[in-house]
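Per Swiss-Prot, the features are as follows:
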TOPO_DOM  1-11  topological domain 'Cytoplasmic'
TRANSMEM  12-32  transmembrane segment
TOPO_DOM  33-54  topological domain 'Extracellular'
TRANSMEM  55-69  transmembrane segment
TOPO_DOM  70-80  topological domain 'Cytoplasmic'
TRANSMEM  81-106  transmembrane segment
TOPO_DOM  107-181  topological domain 'Extracellular'
CARBOHYD  Asn119  N-linked glycosylation site
CARBOHYD  Asn129  N-linked glycosylation site
CARBOHYD  Asn148  N-linked glycosylation site
TRANSMEM  182-206  transmembrane segment
TOPO_DOM  207-219  topological domain 'Cytoplasmic'
Amino acid sequence: MGMSSLKLLKYVLFIFNLLFWVCGCCILGFGIYFLVQNTYGVLFRNLPFLTLGNILVIVGSIIMVVAFLGCMGSIKENKCLLMSFFVLLLIILLAEVTIAILLFVYEQKLNTLVAEGLNDSIQHYHSDNSTMKAWDFIQTQLQCCGVNGSSDWTSGPPSSCPSGADVQGCYNKAKSWFHSNFLYIGIITICVCVIQVLGMSFALTLNCQIDKTSQALGL
């Protein structure tokens, strides 16, 4: 019974992490592509590293490293790798909870910083190609114009701005989009946390099962 439980846990955890490793590779690949193509540009000039490409590369790399530890730890029945996998998942989970709390506590300050960053970047639209790409992408996708409206463009709105007198500014449009999709964002966030907790549970259970099997075999 002990050996069959060990094998089942081992392969469940291996397949679980293999799927996430493949997902990590895909995310990393998209991130590298966006970095090379510089498709979406830089929106916040005071945070030049905060681009879609960089975020995807970091997230993809973290997923790949954690999933690799989980794969190798489970298939090799290596307690050290399994505990490393467990600890990394725990650190990531705690970091996510901390970030969520900070975002909630400092929501007003964050809103102010975002508005200031957008107002600053819009001044460099014509002088910085990367900023131009970022603004063109956002205005096209959200069907908005400027930070608070088309009047933000002192020299006239660019072609990426939709026409019409009732066009919203991108700051309020982005906030509206976030609030209208808050339920879906919350569900996705909860699912990610549940998956992480499941991964930690599998790793800890497999680690304990390895101990029990070793004791039963007299190792």
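Heads up, the Cβ atoms here are built off N, Cα and C, so glycines get one too.
Note that the structure is predicted; figures quoted are calculated from it, not measured.
Confidence over the topological domain 'Extracellular' (107-181), given as mean pLDDT on the 0 to 100 scale, stands at 85.
Close to Asn119 (N-linked glycosylation site) in the fold, though at least 6 residues off in sequence, lie Val147, Asp152, each with a CB less than 8 Å from its CB. Taking H, G and I as helix, E and B as strand and the rest as coil, DSSP gives the topological domain 'Extracellular' (107-181) the counts 44 helix, 0 strand, 31 coil.
In terms of local Cβ density within 10 Å, Asn148 ranks first among the glycosylation sites Asn129, Asn148. Taking CA atoms as the reference points, Asn148 (N-linked glycosylation site) and Asn129 (N-linked glycosylation site) are 22 Å apart. Across 12-32, 55-69, 182-206, the stretch most heavily in contact with the transmembrane segment (81-106), judged by Cβ pairs under 8 Å, is 182-206. A Cβ distance under 8 Å defines the sequence-distant neighbours of the topological domain 'Cytoplasmic' (70-80), meaning residues of its chain 6+ beyond its ends; these are 6, 9-11, 13-14, 16-18, 20-21, 199, 203, 206-207, 210-211.
Within its own chain, the topological domain 'Extracellular' (33-54) is flanked in space by residues 117-118, 120-121, 124, 128-135, 137-138, which lie at least six positions past its ends and keep a Cβ under 8 Å from the stretch.
Secondary structure by DSSP for the topological domain 'Extracellular' (33-54): 8 helix, 0 strand, 14 coil.
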